[in-house]
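Going by Swiss-Prot, these are the annotated features:
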| type | residues | note |
| --- | --- | --- |
| TOPO_DOM | 79-103 | topological domain 'Mitochondrial matrix' |
| TRANSMEM | 104-140 | transmembrane segment |
| TOPO_DOM | 141-274 | topological domain 'Mitochondrial intermembrane' |
| DOMAIN | 187-272 | domain 'Rieske' |
| BINDING | Cys217, His219, Cys236, His239, Ser241 | [2Fe-2S] cluster binding site |
| DISULFID | Cys222-Cys238 | disulfide bond |
Amino acid sequence: MLSVASRSGPFAPVLSATSRGVAGALRPLVQATVPATPEQPVLDLKRPFLSRESLSGQAVRRPLVASVGLNVPASVCYSHTDIKVPDFSEYRRLEVLDSTKSSRESSEARKGFSYLVTGVTTVGVAYAAKNAVTQFVSSMSASADVLALAKIEIKLSDIPEGKNMAFKWRGKPLFVRHRTQKEIEQEAAVELSQLRDPQHDLDRVKKPEWVILIGVCTHLGCVPIANAGDFGGYYCPCHGSHYDASGRIRLGPAPLNLEVPTYEFTSDDMVIVG
């Protein structure tokens, strides 16, 4: 009779490695084996064995307690020996270096120093901001040569009565007319209802004998001709606009009177325009 282990096939590893002898003439196919006793592993006791149980045994079992009190120096708990505690003594003032002394005695002096530094810093920042704003505004203002052309002085004695003289002012022609008494009376007698741009003669002059105008036609910007036209004042040859001796539009396509600039008589013989 064959052994059960010899007929088990693939299940032989999971079956017990034993055989049972049966009386007969045949020899058993599988010899009986005796299981060997396993050797016990030997631990290296020189090296510590780290596990959850061994580490938990080294942990502190008592609760952590922190004590706080007056005039008690602070204590540092070192988790690692390579950590350095920062020292800010170089940034502290001499009055507060000693932790055992009260800082209330030196508080007034420290506050005064802080206020002084803050005040000086504020004044410096305000002064710098003022200079920056001044330079920025001055950079946008007109240059010296432009300001020189902003005003012009005219000597009135050089202009004879009944004549008109042209000057260049701010890139534009400037007309200064010395009117006769007849022209003054003639322009003062004009009714406002006859004018396209109603304006009295006395409203356009500061002295009746002097008329100061910008010589640019209000139609398309041409330069009129003095002492010409149907009204004895100014005539624009571009499109036929007629102005009187006061610079008021009387005939033609121009919609407005000639512009009167800002001027001031500094004396009887001098006028400043601008």
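Here the Cβ of each residue, glycine as well, is placed from N, Cα and C on the backbone.
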_Neighbours of the [2Fe-2S] cluster site Cys217, His219, Cys236, His239, Ser241: Cβ within 8 Å of the Cβ centroid, same chain, sequence order._
Thr218, Leu220, Cys222, Pro224, Cys238, Gly240, Gly252, Pro253, Ala254
_Residues that sit under 8 angstroms from Cys238 (disulfide bond) by C-beta distance, when 6+ apart in the chain_ = Cys217, His219, Leu220, Cys222
_Let me spell it out: for each of the binding-site residues (Cys217, Cys236), count the other Cβ atoms within 10 Å of that residue's Cβ, using every protein chain shown. Which one has the most?_
Cys236
*Which residues, sitting 6 or more apart from His239 ([2Fe-2S] cluster binding site) on the same chain, put a CB under 8 Å from its CB?*
His219, Leu220, Cys222, Gly252, Pro253, Ala254
